[in-house]
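Enquirer: I am attaching a structure below and will ask some questions about it afterwards.
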Amino acid sequence: MEAFFNSQSSSRSRWSYDTLKNFHEISPFVQNHIKRVYFTLCGAVMAAAVGAYLHVLWNIGGLLTTVGAIGSMGWLLSMPPFEEQKRLSLLMASALFQGASIGPLIHLAVAIDPSLIFSAFVATSLAFGCFSAAALVARRREYLYLGGLLSSGLSILMWLHFASSLFGGSLALFNFEVYFGLLVFVGYVVVDTQEIIERAHFGDLDYVKHALTLFTDLASIFVRILIIMLKNSSERNERKKKRRD
């Protein structure tokens with residue numbers, strides 16, 4: 001036990017600012033692949049923003065855009081990696097449809113407080129950036145063991161959602177799904193980032209599929225953070241009304 005604490009204290013003492021720049025375990029060609037993944041991810045985020053804006057303008061988000069997002073995603077994954085341009089177009093189409101699908105939530109935020117959208121985006125970017133950076137500077141495969149725990153958490157969320165749709169939900173259950181789901185997908189950012197690094201080291205340089213994986217995590221985090229902010233804003237407004245009365 002004493003040896004454990006000694007090792008922990010020595011590892012903390014070895015930590016410095018240079019640790020943040022320590023990518024010696026990631027080869028140069030893998031680093032280039034990661035940069036390509038993130039650039040593609042930025043394009044997908046912009047496509048999703050366009051989709052959400054189109055919903056605000058023309059109310060196009062709904063079941064059809066959800067089916068379109070899932071269909072585009074499945075089509076992308078079924079295509080061989082060498083058809084790069086087609087797969088990239090499908091990624092952008094899937095992101096646009098997914099942005100339109102969360103358009104109703106964006107529209108609600110615009111009606112309540114438009115600044116919440118920017119706040120949620122900044123909070124999502126910070127969370128994604130911090131946990132992704134933690135995965136990049138950590139030792140290889142250090143957090144991959146969390147994949148099993150996160151899969152179990154995702155399974156719990158799916159069963160809870162299925163049960164609430166059949167038997168009716170409650171506010172406590174809804175809050176648990178939102179906060180626990182946020183925790184699960186933040187964890188997936190770490191695991192998926194390290195898995196992308198490992199796959200790239202073994203020759204899997206499919207940056208389109210890897211960008212799709214991270215985009216799914218990012219969108220899930222954004223939706224949950226925006227829901228939390230909308231809930232908190234509504235509660236504040238209700239308290240203000242009660243004070244006025």
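Please read every residue number as a count from 1 along the shown chain.
Every residue, even glycine, has its Cβ placed from backbone N, Cα and C.
Unlike curated records, TrEMBL annotations are generated automatically.
As annotated in TrEMBL:
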type: TRANSMEM; residues: 37-54; note: transmembrane segment
type: TRANSMEM; residues: 60-78; note: transmembrane segment
type: TRANSMEM; residues: 90-110; note: transmembrane segment
type: TRANSMEM; residues: 116-136; note: transmembrane segment
type: TRANSMEM; residues: 143-162; note: transmembrane segment
type: TRANSMEM; residues: 168-191; note: transmembrane segment
Enquirer: Rank 37-54, 90-110, 143-162, 168-191 by Cβ pairs under 8 Å to the transmembrane segment (116-136) and hand me the top one.
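Expert: Between the candidates 37-54, 90-110, 143-162, 168-191, the best contact partner of the transmembrane segment (116-136) is 168-191.
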Enquirer: Who are the chain neighbours of the transmembrane segment (143-162) in space, where the CB to CB distance is under 8 Å and they lie at least 6 residues beyond its ends?
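Expert: Counting only partners 6 or more residues beyond its ends, the transmembrane segment (143-162) has Cβ contacts under 8 Å with 135, 173, 176-177, 180-181, 183-184, 187-188, 190-191, 194-195, 198.
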Enquirer: Please give the sequence-distant neighbours of the transmembrane segment (90-110): residues at least 6 beyond its ends with Cβ less than 8 Å from one of its Cβ atoms.
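Expert: Residues 40, 43-45, 47-56, 59-62, 65-66, 68-69, 72-73, 75-76, 79, 116-117, 120, 208, 211-212, 215, 219, 222-223, 226-227, 229-230 contact the transmembrane segment (90-110) from elsewhere in the chain.
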